[in-house]
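J.: Shown below is the structure under consideration.
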Amino acid sequence: MAYLLTFGIVAALFLASISLYRYGNIPRQHILVTLSVLTAWCFSFLIVFTIPLDVTSTLYRQCLEEHRPTPAPSNVSTTPANANVTPPPECQEPWGMVPASVFPNLWRIIYWSSQFLTWLIMPLMQSYLKAGDFTVKGKLKSALIENAIYYGSYLFICGVLLIYIAVKGESLDWQKLKAIASSASNTWGLFLLILLLGYALVEVPRSLWNNAKPGFALQYAYFKAAKLSTEKAEAEEHVDDILESLQCISRVIPNNHELRPCLETILRKVPIELQERASRNFARTGGSGMGATSSTILPSEKALVRIHKQVIKSLQTLQRTEALWSVQVQTVLHLEDVARNIHSSERRFKSEFPRQRTQLERICYSATLQWYWECLLKAPFLKTLCVLTATMSAMVVWSELTFFSRHPVLSIFANVIYVAKESYDFFTIEVFSMAVLCYFFYCTYSTILRIRFLNLYYLAPHHQTNEHSLIFSGMLLCRLTPPMCLNFLGLIHMDTHIIPNRIMETVYTQIMGHMDVIGIISNGFNIYFPMCMLAFCLATWFSLGSRALNALGFQQFLQNETIATELVQEGKDLIAREKRRRQRAEEAMARRRDFNRQDPGLGGGSDYLSKYRSGGAGGTLTSGRTPADGLLRDGDGSFDYAAVASSSALGVPRSLSEEINDRFGVSTQVQVGFRDPDYEPEHDRRIVGPPPRGLFDDV
């Protein structure tokens, strides 16, 4: 009968796998990163899918207790585990009823595994990736030191709480220590959860309403494009400064010096085009820029570790800005297509930059269907969703403000569950619980994607998210999902430590534990802090945060503001420049195709380079080796330049954008022209990617 639980496990694994495939670049990620993130996402989704089953199972057990013909003896179990006992006719077994012994073991495995990942494994993995040391031992040492500083404050707080408990004379055992650890984690998660929900409960309906207005959405997209262009330029300048210092160090360290392998490890992380540009800048300035004052001093290993960490961070920032810029350009171009087609009499959606579509996509989502959806139906649909989400947000805020009230019951969610419980309508309870939890889930994690934590971490589709951001998202999912579910159970009055003697407690709350030993948290913070959500919602409604940031010099999109208007115009100019660049790229590619057709003996770029890749006669490269330029000594096969060069005719030098796309994500080059969407390009210009980059690739 536990088919719903099996379906939930399969659905959670499928959703986590699809999300990881969409955002991550699995062939280039280390297997440990992939497995850790997949486990973290899968367990977080599984908690959300399984909570409604725990709720209905608890209500079913309570129904059996209330309709027993005789009082159960004290030594008899209260769970309906005895198959010989016929349930009363009033208690119909819910769909997918799970045996009573399943949930305790399931919650222990999910919760403690996810907590082990989010507090120990994934922080160490993230620090390891950012460390600048050149050995496994050095990277692990740096990761441990960095995390020890962070967890030192956490352990200090735990120590203070333990002293507080000892002063009160409370006895401590292993169960209470586990309850303190889990509740401390849940309290931290609840603090962040209320902040995120206070923003999202207002911003989600408002963004739906704004997206239903194509003109507003296009203006805001121009604004974001201008800001991202500025960030991208700053990231490129920062990379150039660091590479200039690296050029100085490269000229100081001799080829036979013991630190030369460390320097080559750093240089292998830098794309060839960036190295060549840095060399040209260095030759043009004569080494008068950054690092010139110490150009004759031999650096120490600590100095190389420091600059190695700076290179990793700067390239990560450059990758982030390139990825977000690519996504934003596609968004702007799509909105421009909508604005251009909305008054079309043909009622066929035509794109200025059409992408290659599969035969199935052309049949199921034709140009006519796309026109009706994008130009006619999408705006009313988004406005309807706005009304529904606004209603749900109002219900959440009201329930958060009143869920502690026992008599009368003011929480809307608690009343819905109580009414359904009176008739034991388990299907309604499951659907309602799933809908509310999914809305909580969407609001929480859409906020994370929207604010991007000061742009340090992000999730970009089309395989453009780096490993640091994937690990960070997995950590947040594991830390926020348990307190989010506990908060929901409190709203429906199924947490007996908040509303006692109303509805039987779920197995989930029994496993999570409570802060009963620390009254100031159990009776204060966990109950009254969620009431602060109203203040956060009001601040979001009146855009107080955006106005404060705008006053401090951080440009925000505020209507009727001069600087916002200027940035919108700048965004229009940048998009026009990007369109001209793509047009020139398309024309150059067309000329190369024409040249290859006219002279087939020279046109086969891949045939021309095949002798180098295979190590045949006349070739300079042996099989399985990458080209060595005397500076990198890239003989470890970490990058197949010949395979990448075959995408250009006769090995034409690649641009920086092509190098970045190859190193960090899928190329964004598309066919240019105002064509029918059923047009199919003549060939696919996908760039061959490098082999997987391991976690220990540079040691």
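Cβ from N, Cα, C; glycine included.
Copied straight from TrEMBL:
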COMPBIAS  585-597  compositional bias 'Basic and acidic residues'
COMPBIAS  675-687  compositional bias 'Basic and acidic residues'
REGION    585-608  region 'Disordered'
REGION    668-699  region 'Disordered'
TRANSMEM  6-24  transmembrane segment
TRANSMEM  31-51  transmembrane segment
TRANSMEM  109-129  transmembrane segment
TRANSMEM  149-167  transmembrane segment
TRANSMEM  179-202  transmembrane segment
TRANSMEM  385-406  transmembrane segment
TRANSMEM  426-449  transmembrane segment
TRANSMEM  525-544  transmembrane segment
J.: Most CB pairs under 8 Å with the transmembrane segment (385-406): which of 6-24, 149-167, 179-202, 426-449, 525-544?
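T.: Of the candidates 6-24, 149-167, 179-202, 426-449, 525-544, 525-544 scores highest.
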J.: So which residues does the transmembrane segment (31-51) touch in its own chain, when a touch means Cβ under 8 Å and the partner is 6 or more beyond its ends?
T.: 5, 8-9, 11-13, 15-17, 19-20, 24, 106, 110, 113-114, 117-118, 121-122, 125, 433-434, 437-438, 441, 467, 470-471, 473-475, 477-478, 481-482, 485, 488-489, 506, 508, 695
J.: Taking the transmembrane segment (179-202) as the reference, which of 109-129, 149-167, 426-449, 525-544 gives the largest number of Cβ pairs under 8 angstroms?
T.: 525-544
J.: Residue list, the transmembrane segment (109-129) vs rest of chain: Cβ under 8 Å, 6 or more residues beyond ends.
T.: 32-33, 36, 39-40, 43-44, 46-47, 139-140, 142-144, 146-147, 150, 182, 185, 312, 467-468, 471-472, 474-475, 478-479, 481-482, 511-512, 695
J.: What are the helix, strand and coil residue counts for the compositional bias 'Basic and acidic residues' (585-597) according to DSSP?
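T.: Result for the compositional bias 'Basic and acidic residues' (585-597), in helix, strand, coil order: 13 helix, 0 strand, 0 coil.
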